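**Q** Copying in the features that TrEMBL gives for the protein in this structure:
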- 33-50: transmembrane segment (TRANSMEM)
- 51, 52: Na(+) binding site (BINDING)
- 80-105: transmembrane segment (TRANSMEM)
- 111-135: transmembrane segment (TRANSMEM)
- 156-175: transmembrane segment (TRANSMEM)
- 195-214: transmembrane segment (TRANSMEM)
């Protein structure tokens, strides 16, 4: 194809929408039975697009519904919620098939679906699971789910390789940043600014939530600056994401028994003083814990619980 178009290979095989809708179709047209292969190719593209939408949208819906299950998990509220957000997404997608839609697509591709957002979130996911929650506990859960313990190679990747690679690529991609261009034409500065707002809308969720939790946590400024105290708070945040599963582990009671009790008694009982009922939902436990003195709670947590 490079020889046929009298262009360099790097110019022919550039990334972007042109690679899918211009380069690949041109290559298919040079094959025998080009019509048959073209139908198969674009049918594959449609299936890949629909499949990726299922994963993306379902992940978004599930996170929102789990946050307010009392309102959104019931029918028909769930269906109405999904229909509204799907309609909004469809209207946003219509902007990409207008005369200037390619610029909208390029900005969303460079900022909304850029490697910066994914690398940023993936870095903190690795830190939360491997360093704060604990990779050894994560190994136990994986063994329960898949029936065998993964190799040590995965532990190395989760603890060291993935976080360092993600933050390294993130930094170098920022250094190499040159703004959005299409066919050699740069977008206006205000368009790049809108792109940065799109990117930061997901990236800033982590520091904003951390600042909100810092402000909400009892204790003086010096106490909240203590390294061990900060790690304990972050560990609680990771544990709090499992509150919908009512998952509590007590050293004196079998895990299977706790799960069975949690399923039978969803609401459980509240905590009074040092008396802790294993059927107490984790959300209730955390709410009561934060209402008390945070240092006393930390001592009771480390001495009584292992989550």
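Keep in mind that glycine also has a Cβ here, set from the backbone N, Cα and C atoms.
Just so you know, TrEMBL annotations never went through curation; they're auto-generated.
Keep in mind it's a predicted model, so treat the numbers as computed, not measured.
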**Q** So which of 33-50, 111-135, 156-175 has the most C-beta pairs under 8 Å when paired with the transmembrane segment (195-214)?
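**A** Highest pair count goes to 111-135.
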**Q** Inside 10 Å of the Cβ of residue 52 (Na(+) binding site), count up the other Cβ atoms and send me the figure.
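**A** The answer is 10 other Cβ atoms.
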**Q** According to DSSP, folded down to helix, strand and coil, what is residue 51 (Na(+) binding site)?
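**A** Once the DSSP labels are grouped into three classes, residue 51 (Na(+) binding site) ends up as helix.
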**Q** Within 10 Å of the Cβ of residue 51 (Na(+) binding site), how many other Cβ atoms can be counted across all chains shown?
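**A** Around residue 51 (Na(+) binding site), other Cβ atoms within 10 Å: 10.
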